[in-house]
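Engineer: Before I ask anything, here is the structure I am working with.
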Amino acid sequence: MDLDLITSPEPDDVLHILYLTAITAEAMTAALAAGRRQMDWVGVYMLGCVTALGGGSVRDVVLGHYPLSWVAHPNYLLITGGAALATIAIARYVHHLRHMFLFLDAVGLVVFTVIGCKVAIGLDLPFIVVIVSGMLTGCMGGVLRDVLCNDVPLLFRAELYATVSILTGLLYVGGEMAGLPYNLVLATSMSAGLALRLLALRFGWSMPKFIYTHDLH
Amino acid sequence: MDLDLITSPEPDDVLHILYLTAITAEAMTAALAAGRRQMDWVGVYMLGCVTALGGGSVRDVVLGHYPLSWVAHPNYLLITGGAALATIAIARYVHHLRHMFLFLDAVGLVVFTVIGCKVAIGLDLPFIVVIVSGMLTGCMGGVLRDVLCNDVPLLFRAELYATVSILTGLLYVGGEMAGLPYNLVLATSMSAGLALRLLALRFGWSMPKFIYTHDLH
Amino acid sequence: MDLDLITSPEPDDVLHILYLTAITAEAMTAALAAGRRQMDWVGVYMLGCVTALGGGSVRDVVLGHYPLSWVAHPNYLLITGGAALATIAIARYVHHLRHMFLFLDAVGLVVFTVIGCKVAIGLDLPFIVVIVSGMLTGCMGGVLRDVLCNDVPLLFRAELYATVSILTGLLYVGGEMAGLPYNLVLATSMSAGLALRLLALRFGWSMPKFIYTHDLH
């Protein structure tokens, strides 16, 4: 019937499929973090949901954007929690799949960022807040995971993670403001962010660190 | 005047009395956790309030359900903070009362869960979100307490705590949907949850743990 | 043109200037905490924003008071993040300026508290909630900083920090309710809070601690 849709899917459909892939992958990497802390199966389920859906939830609470995505689409709780549980069964093979997981995690970072920017643009928020909305969506799930695992968030020390989110957001918002075609803006911003993240992982790039050893008191 | 009320109190009045008992007990156990971290009296007061009222607050923020309970009923802040401070005075006897505290903590878990489910049902939310609302109300106070005490939340590793909340919620919502009498649904779901929690404590039941020792990077 | 404004500035203008000074100072002390955890530059930027603006954000989310201040005034994100980054450049001199930082941190505590009380009064909230709103605004930024740095919040153990916020809030709200002139109420409550904080720092005053060594289980 709609051949055009088959041969050339709508970009937002592609984005949605990437989103579902990304929350699945984020939940699975969170399950591994839970396993490192010897959490029980319920803990694995919950940490999977919080990590995969927490970034968007923090964004929505902070922007007053109700209902939250998993309240409107409760099946997201089944997808992410189910993926986390499934990870227990395949844990012995996961180590061999780690490059795939790191790739999917990078995809998640840029997909979440773009979705976060879109939400803020839809609320007519100023430029800087749009970028922050993308960052919160892309990065806060991992921060919540690390806080619940009692670690200093990796985000504050890791390989260009937040920087990738900022770059992706700037390219996406800049392209939108310049009136470029949506497909092009989406593809360019996400590809550039993904490339930077993968290069940073490959070559161990990181932002300079600030090291301070005095106490203020 | 209203003999009927005296001989047969409204179930929601019973629930409210159980709620007040439960937030008092949660605040007192939180005070002991504060004492283990050598917090000062103000810290004891605040950790008591956060632990007793934090679960409902997280639920209300996540669901956009304003005003929060302690904003509408600020005396809850006096009850819980006061109970936490009173714990300092009786700390030397508390150890002998620990079975009572564990019992009251279990009562709190099922009471908070049922209240959380009721709030979500009142907002016409889907089934899964109602169960999650019960869990957030029942469990998040303890998670906040553990995060503020710099521990990995006990919830993710402990004796069927979250499982009890899920079972209670399922029985409560299932009974409501089946159109059973409110009194019966309330009594059954809370008794079953309470029994499971006490049996888990007595026999050391727990969910299987997921143990994973590799690093993803 | 408006000589009166020049010779006698509006108290709320003074409050706003103090607010901008305070968020700058809070961001700079947060940068030092980030440096102690060897965070990278992006982490320094983000911890600066979270610490300086997090207290007001928690207050607004908890009270359902949208939009949050930095959503309405995104330049606050540039001021605080920029101040945090600038701290890296001047870190070697900061140790000599630590008395000034502790003074500005104390100014921030009372300014944030008064602003938090004003927001809650503007929402017609009850007395206790107004005091809590002041405390959340004054103290929660530091709690978020400590949680993200994986410390037990200093607030729960430190020199009268929360107590100063409560005293400032009580004097401010009491003065407002008594119908005293706004200028006088503002000056008195903030001066008293500032004096108590500086005296507590100078003489090492602190609230009594609650020390409890038993386990409940």
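Here the Cβ of each residue, glycine as well, is placed from N, Cα and C on the backbone.
According to TrEMBL, the record shows the following:
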- C:17-91: domain 'Glycine transporter' (DOMAIN)
- C:103-173: domain 'Glycine transporter' (DOMAIN)
- C:14-35: transmembrane segment (TRANSMEM)
- C:42-64: transmembrane segment (TRANSMEM)
- C:76-94: transmembrane segment (TRANSMEM)
- C:101-121: transmembrane segment (TRANSMEM)
- C:127-147: transmembrane segment (TRANSMEM)
- C:154-174: transmembrane segment (TRANSMEM)
- C:180-200: transmembrane segment (TRANSMEM)
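Describe the structural context of these features.
Structural biologist: Looking just at the domain 'Glycine transporter' (C:103-173), the mean pLDDT is 91.
Through the fold, the transmembrane segment (C:76-94) approaches residues 20, 23-28, 30-32, 34-35, 41, 44-49, 52-53, 69-70, 101 of its own chain, all at least 6 residues removed from its boundaries and within a Cβ separation under 8 Å.
Long-range Cβ contacts of the transmembrane segment (C:101-121) within its own chain (Cβ-Cβ under 8 Å, at least 6 residues beyond either end) map to 15, 18-19, 21-26, 28-29, 55-56, 59-60, 63, 65, 94, 129-139, 141, 161, 164-165, 168-169, 172-173, 176, 186, 189-190, 193-194, 197-198, 201.
Sequence-distant contacts of the transmembrane segment (C:154-174) (same chain, six or more residues past either end, CB-CB distance under 8 Å): 106, 109-110, 113-114, 116-117, 121, 127, 130-131, 134-135, 138-139, 142-143, 146, 185-186, 188-190, 192-193, 196-197, 200-201, 204-207, 209.
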Engineer: Kindly report the helix/strand/coil residue split of the domain 'Glycine transporter' (C:103-173) according to DSSP, in that order.
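Structural biologist: Taking each residue of the domain 'Glycine transporter' (C:103-173) in turn, the totals are 58 helix, 0 strand, 13 coil.
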Engineer: Report the listed stretch (C:14-35, C:42-64, C:180-200) having the maximum count of Cβ pairs within less than 8 Å of the transmembrane segment (C:127-147).
Structural biologist: C:42-64
Engineer: Do you know the DSSP helix, strand and coil residue counts for the domain 'Glycine transporter' (C:17-91)?
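Structural biologist: Looking at the domain 'Glycine transporter' (C:17-91) with DSSP, the answer is 63 helix, 1 strand, 11 coil.
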